[in-house]
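Feature annotations, reproduced from TrEMBL:
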{"type": "BINDING", "residues": "78, 149, 205, 250", "note": "UDP-N-acetyl-alpha-D-glucosamine binding site"}
{"type": "DOMAIN", "residues": "2-95", "note": "domain 'Glycosyltransferase family 28 N-terminal'"}
{"type": "DOMAIN", "residues": "142-309", "note": "domain 'Glycosyl transferase family 28 C-terminal'"}
């Protein structure tokens with residue numbers, strides 16, 4: 001936000017620790033203080049509606065708005081809600097869902113499936129020759145692997161160990177390792193990297209969705225934004241949920257897609273080079289399965305999510 005021209009105000013808040021600690025007393029104090037501050041800001045600004053997207057940072061503002069009688073909406077991006085949205089559910093007017101599975105946690109008369117607005121941003125993107133930038137052939141089938149912007153240690157270990165097997169395949173692999181692991185991976189591969197002509201390892205991919213639309217399979221985490229992007233593009237996935245997130249929501253996100261035949265899942269603690277290669281091969285070497293997963297992935301994407309959310313908000317203004 002500081003890099004934009006959009007005016008903004010800040011509140012001092014923090015999240016609850018998931019264990020008994022005096023730090024949680026401070027969390028409550030900051031929350032109560034932030035509600036008072038938010039009420040003053042909202043009264044001055046006089047918004048038509050207040051939208052919260054989950055996380056403790058939105059709790060005080062949405063709660064304050066609801067208490068002031070301002071129309072309020074929360075958007076739950078995961079298949080299982082966090083503490084903040086569960087708390088806010090009784091106070092807000094409407095709740096928009098990105099996953100239908102999340103409906104069981106909220107009052108039915110308030111909820112509607114709208115999808116994730118990020119999906120609408122990527123729908124309609126067309127293939128290009130962007131893979132040339134990574135010394136790969138745009139005409140070949142391509143597997144994109146990444147563990148998030150910072151990378152993921154367990155994913156990196158499995159991919160590095162799998163590289164000799166991936167190097168034998170007819171498909172090619174584009175791997176974004178994360179900048180903090182890139183040098184270590186280069187060192188571990190050493191002189192062999194020039195022999196792996198169908199594999200490109202990058203520290204970071206800036207234009208990720210542009211790359212996604214030119215790939216045939218994604219291997220990565222199961223965060224809400226990533227899922228919105230690859231379902232919006234109709235890109236099937238092998239999902240490796242992060243075990244370090246609240247309520248293990250990435251596993252639940254992944255299961256929602258696995259259930260519909262849009263993805264396969266490998267748990268972080270069971271990830272090895274062997275089962276990574278086997279799972280990728282299962283999809284990439286079976287054209288019928290790949291096409292089936294593409295169709296199921298498209299069905300899970302909601303390409304007009306932004307429009308749906310906007311129209312949903314309009315109903316309470």
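Glycine is no exception: its Cβ is also placed from the backbone N, Cα and C atoms.
Heads up, TrEMBL stuff is auto-annotated, nobody curated it.
Where TrEMBL records a feature, it is marked here on the structure.
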residue : record                                        : DSSP (3 states)
78      : UDP-N-acetyl-alpha-D-glucosamine binding site : coil
205     : UDP-N-acetyl-alpha-D-glucosamine binding site : coil
250     : UDP-N-acetyl-alpha-D-glucosamine binding site : helix
Same-chain residues at least 6 apart in sequence whose Cβ lies under 8 Å from residue 250 (UDP-N-acetyl-alpha-D-glucosamine binding site): 221, 222, 223, 239, 241, 242
Sparsest-packed among the binding-site residues, when each Cβ's other Cβ atoms within 10 Å are tallied, from 78, 205: 205
Integer average pLDDT (0 to 100) for the domain 'Glycosyltransferase family 28 N-terminal' (2-95): 91
